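*Asks:* According to TrEMBL:
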DOMAIN    B:87-270  domain 'ABC transmembrane type-1'
TRANSMEM  B:30-48  transmembrane segment
TRANSMEM  B:91-117  transmembrane segment
TRANSMEM  B:138-161  transmembrane segment
TRANSMEM  B:198-218  transmembrane segment
TRANSMEM  B:225-246  transmembrane segment
TRANSMEM  B:252-269  transmembrane segment
């Protein structure tokens, strides 16, 4: 049988209860102040972004109409012919989709090479010098803060229209993003192999090759694949500024109200992105499982 | 640096005792070599297919060099005030977009979580739906919303809300799925009702995680909101596109500097808030 719990003397209980109430009240006050600040910020942001819910409410019909309009005119009775008509431009679209994927691939590969070359200088634990570390970090920050589309806009003027521009823009942005992630991986390694190789008289390259690389390679590949997913999406809209890929066709279709084409291209993009996501997820689990 | 301290006889002895360690790993090398060759071959094909040419590259690089000289020194060209307003608009778009996405994603995430809705059909459908929404880029969403609410920042905010709704819904549902069930069991065991279980067992555990993810998305959305003006959906991107097209490079440099500083400030503030949030939860 459980024994009866002895209660505290009333004056101590009252003191403790008072302290508890004060703590709860303080925490509640903090919550209210935070909430008030949040509401004020929301109001300001709504003002700045010209949020007009009534416009949305008045025109939400247009959104559903738009969705209804871009839906392809498929009928069950005449399905093959309807499909053929919906995807009338499939040879061109598939070629452009292939171009988009190649852009994403090449951009990711070049960016990964760039990030790989720079990440060791940006990692505090293996960086050669403090100044180099600082400079490389700021450079990577610049590369990943400026959106790839902005690079593409500038490069289109410098290099001329075409997919090469898209690849370069993706590569620079990817260098910034992967360089940071890679350097964080390098900073989290076990330093004992590095110390032992240094003690054994290995040079910098040898240390990186035999002490650092085996610890980080699987994570590098995993991050690279993740970035490839992101870049497939990014490459899909590069065409908006004339930098190659399927984006140009989509832009033309949306701007000129070729409704069935919009849905045809969107479905192609969605299916590709989903397939790539699933494929790279598999590959990443496989890699992280087998190399660790 | 030089001069091994062991002699040949010792190495030979070691070689005899550990033959495995001295044998080159042919199989591993073959696989790695083949994978590398495949990567390089595909890269070569891509370069040919995408019209890479050294001449174009060199020409363009030369011109880029000229551009970067023309960018100095950055100046606002008397439009500093307009730029600042556009920047505020950009931040507003990012804030409203992220907030709307989070509010929409919160209930949907519970539908997509395996431990809340056991029906596999429901959470499979919800998840694929989120995937579809997520696959469409912000810029495409912006083009669609411009058709509905007209040009301007509101379309941009809605575009960000849509694109992030998919991503946040997925992340939220994963957070809900990985939550520890024991506090909820404790609440139930001491006589709490189902709503008590969710309010005191589930929500305190997931809220800091969700909050930190939302902040992270806000950071990344300040970046997305800077480009959404390219298609006419408000924010600083409108100026950026225009000025790049007419090659007002000093003003472009000024805008890019403004964006860099803003993004750095937002990153610092939200990083601090995120750490406070996650520190507040007992991890």
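Using N, Cα and C of the backbone, Cβ positions are placed for all residues, glycine too.
Because TrEMBL annotations are produced automatically, they should be read as predictions rather than curated entries.
A description of the local structural setting of each listed feature is requested, covering burial, neighbours and distances.
*Replies:* Long-range contacts of the transmembrane segment (B:91-117) within the same chain, counting only residues at least 6 positions beyond its ends with a Cβ under 8 Å from a Cβ of the stretch, are 123, 126-127, 130, 153, 156-165, 167-170, 172-173, 175-177, 179, 181, 210, 214, 217-218, 221-222, 224-225, 228, 233-235, 262, 266.
Long-range contacts of the transmembrane segment (B:198-218) within the same chain: residues 94-95, 98, 101-102, 106, 164, 167-168, 171-172, 175-176, 179-181, 183-188, 192, 266, 270, 273-274, 277-278, 280-281, each at least 6 residues beyond the stretch ends and with a Cβ under 8 Å from a Cβ of the stretch.
Sequence-distant contacts of the transmembrane segment (B:252-269) (same chain, six or more residues past either end, CB-CB distance under 8 Å): 71-72, 74-77, 83, 87, 90-91, 218-219, 222-223, 226, 236, 239-240, 243-244.
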